[in-house]
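The structure appears right after this line, and notes come after that.
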Amino acid sequence: MEKILEVQDLHVRFTTYGGTVQAVRGVDFHIHKGETLAIVGESGCGKSVTSNAIMRLIPNPPGKITKGKVLFKGQDLTKLTEKKMRSIRGVDISMIFQDPMTALNPTLTIGTQLVEGLKQHRKVSDSIAMKKALEMMQLVGIPNPEERMKQYPHQFSGGMRQRIVIAIALICEPELLIADEPTTALDVTIQAQILELFEKIQEVTGVSIILITHDLGVVAKIADRIAVMYAGKIIETGTKREIFYQPQHPYTQGLLNSVPRLDTKGKLQPINGTPPDLFSPPLGCPFTSRCPLAMEVCNKVYPDSTRLSDSHAVDCWLQDERAKKLLATMVTNKR
Amino acid sequence: MKSNQHPHHIAAKEQIHDDWFRWREKDKSEQEQVSRPSLSYWKDAWRRLRKNKLAMLGLVFLIVLIIMAIFGPILSPYEVNKGVLSDQYQAPSSEHWFGTDSHGRDVFTRTWYGARISLFVGFMAALIDVTIGIVWGGISGYKGGRTDNIMMRIIEILYGLPYLLVVILLLVVLGPSLSTIIVALTVTGWVGMARIVRGQVMQIKNYEYVLASKSFGTKTSRIIRRNLLPNTMGPIIVQMTLTVPSAIFAEAFLSFIGLGIQAPYASWGVMANDSLGAILSGNWWTLFFPAFFISFTMFAFNVLGDGLQDALDPKLRK
Amino acid sequence: MLRYILKRLLIMILTLWIIITLTFVLMTSIPGSPFTSDQTSNETVQQNLEKHYNLDKPKYMQYLLYLKSIVTLDFGPSIKQPNQTVNDLLGRGFPISFELGIVTVIVAVISGITLGVLAALRHNGIIDYLAMGIAVLGISIPNFILATLLIQKLAVDWEIFPVATWASPMHMVLPVLALATGPMAIIARLTRSTMLEVLTQDYIKMARAKGLAPWKIIIKHALRNALMPVITIMGTLLAGILTGTFVIEQIFAIPGMGKYFVESINHRDYPVIMGTTVFYSAFLIIMLFLVDIAYGFVDPRIKVTKKEGE
């Protein structure tokens, strides 16, 4: 399968008055054509920064991509001029933001906001642009599109607004869609509708989707593959099946245990503690202080990635042979 | 998935000892070191204010000004209103630090007397505004509903009245004096403060943490002290720092149109107005000192107000 | 929208009524009545006054007739200038003051917005510090002090601009500069802070994610939203500029209404004070009303919430 986007060793830093925040610290992942990749993690783990870095939307200053590549169809986006990058934003890669209540400009009509990207990039006539806009409104399921085009954002409900945001993102027929917490601000019933819309869109247009979320329920519904992020690093990746049924990293396991599920019994177990301060991230595994299976080695050295299958990889010292022996003795001791 | 290839990782890898593969002792301190020491609201605000150099400059200037307003006239051998006509228009010298004016009065002495008047007018106006504003806005915001509606309509109507025109009208009728100027400035001046207080009270009384504290049975006095006060005081203090200079400006402005404070008092506005003609004849100091102090005082209050606004905004807490 | 306009209209009328009543109550409460005191030297003036203010009728009739005269835009006679009415003074002075005011507003708005936008776009850069430095000075230095400074330097010392009177465009430069600096500074600061806030909004990020050109984002998406608060303070600024003309016209010897007004205060020419106060208040209150309506038209959110009956 063709890799449409490949991120290699991405580093992003923010310089603030309080010091330098290393928000993203060497992230690698890729996404295939027509696939949905979910990036999962707690708030502040760097997942949104990663998605903004792909689009080069990190405000500089204070933020900066200090290292790494973002290869979109072989072309390194970090090296492009701002002008060239602009011709990619909205055309090849589009983005959807978390809160549809604030993502639309309150003083412009929906129609204006829909067609402006199209007019910027495709130089089409007004009538063609309007026709395309109507088509998109229908695709995302907005009734009476012609009438609705003339209205302002505050005249729409949250779910409807998110549909419009999706329509805006798709109007230039991009190959990659980055959705940053697209359902978080919505009611549960609306969430389900929006997720169904994503599936429908992917069927119709074949767009690849990077879904940024902290919600494992969302992930379970529409993701093909999952990347788990913690403290600026991707600590485990795999297919949905691998992550949900064979999670290897204690953090991934913790995440799954902290969500109610129908197929498991027993109490929910929250992950105790808080993520580390990214002003001075630990040298070793950042999860050490919260990890129930932490070893002395963990906060000294960051573990290498261990490949468990073609699609499954994890950064954890427990994969080391010496750790496995330790685990075995623990199990026998318990008996 | 590519593996990590940071140089320090590779270097470190060679040093991985087998005995590092043992369970780690959990120490409590490790988890807690992440959280910063929590500061009280005012300490935290003060810490942030101190970082703002401009605001600190304003604060220092105002403190010096207040000290000089109290002690300045005592330090000077001259009297405010007694001048020696033969000493008229003396340039600044070791004898008269700020020179003398058209009546031969010492400008240095008069400047600090002027500071007393200007600061008194400014602070009194602000204090009265705050008092009325807190009561009106507090009741309006706390009661809500119909009471709030009526009280806010009254405010809306008063807000439409042109502030300085009403002040002028009142002073024409009451006659300009220290007390009438303060009264005139506060008759409609409190409206802005009342609006701010009302907005704050409305917002905060519905905050979840306030409701939560209530439901935990926290005492009302504690809720007011811990929750309401810090969150309402910020905007009130900021508004005060803006009321004081606008009152000082208004007083100076009134002097200019002949409604200023009358002798024996000497306000900065009166001093500046008296010396308007004098600068054309080259006696710049008679205008310069009052003008400088009016401007710098307004500057100081403005930058301090800005600084406080940033420092007291709980949303900006880091 | 109609409901909104009606509500504002009602408040406007109430405010107007209060200021008219206030002038009446205050003036009639002056000890020894300003209209009959010995300040009036001239017999015909006295007669004119008695006629205009109906001093022979009971108080409530005086009040009602006073209301009527104001509504019919008759502001009464002057005490100090025989055979002059307040309307005569307004007719002569107001056009000049209006010209000064309008030019000041235009200069202040354009320069203030430009300065504010530049500062926001170069946040924490040299332009930002420079613009905010100018703004802080502009807010701190009262206009009458700035005016004397400008006269001293630009007119007397360097003789670049003429000073006093109102003869040519060159005569306008210094008074407009003195009057516009304060409001400009306020507009600049407000524009900058709202612009900075708007620039962090999601819809700006969204516009960037669409690949729009930066200038398009600023003009179409940011500026429009950033300017709304500027509209709301226009009423206050107009009031400030208007009262500013009192001192500026006095200092520059411009024969505008402000100058007459200050003279009338100094001479305690009560009918002129009353008439001018009412006229200026009405002018400002109507302006405030128009600003409110304009805001309703610019911000689509107001139209609908009001139409749906709040």
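Cβ atoms are placed via backbone N, Cα and C, with glycine included.
No curator has checked TrEMBL annotations; they are predicted automatically.
Under the heading domain 'ABC transmembrane type-1', TrEMBL lists C:94-291.
Taken from TrEMBL, the feature transmembrane segment covers C:9-30 (among others).
Through the fold, the transmembrane segment (C:100-122) approaches residues 128, 131-132, 134-135, 166, 172, 175-176, 179-181, 183-193, 195-196, 199, 218, 223, 226-227, 230, 237-238, 241-242, 244-245, 248-249, 254, 256 of its own chain, all at least 6 residues removed from its boundaries and within a Cβ separation under 8 Å. The annotation transmembrane segment is assigned in TrEMBL to C:100-122 (among others).
As annotated by TrEMBL, transmembrane segment applies to C:129-152 (among others).
Among residues of the same chain six or more beyond the transmembrane segment (C:172-191), those with a C-beta under 8 A of the stretch's C-beta atoms are 100, 103-105, 107-109, 111-113, 115-117, 119-120, 131-132, 134-139, 141-144, 146-147, 150-151, 154-155, 161, 163, 166, 226-227, 229-230, 233, 237, 240-241, 244-245, 248-249, 251-252, 254. Look at TrEMBL and you will find C:172-191 (among others) tagged as transmembrane segment.
Sequence-remote contacts of a segment are chain residues at least 6 beyond its ends whose Cβ falls under 8 Å from one of its Cβ atoms, and for the transmembrane segment (C:226-252) they are 97, 100-101, 104-105, 108-109, 112-113, 116-117, 120, 143-144, 147-148, 151, 163-165, 171, 174-175, 178-180, 182-183, 186-187, 190-191, 194-195, 197-198, 258-259, 261-262, 280, 283-284, 287-288, 291-292, 294-295, 298-299. Under the heading transmembrane segment, TrEMBL lists C:226-252 (among others).
What TrEMBL lists as transmembrane segment is C:272-298 (among others). For the transmembrane segment (C:272-298), the list of distant contacts is 1, 4-5, 8-9, 12, 15-16, 19-20, 23-24, 27, 70, 75-76, 78-80, 86-87, 89-90, 94, 228, 231-232, 234-235, 238-239, 242, 257, 260-261, 264-265, 306: same-chain residues at least six beyond its ends, Cβ to Cβ under 8 Å.
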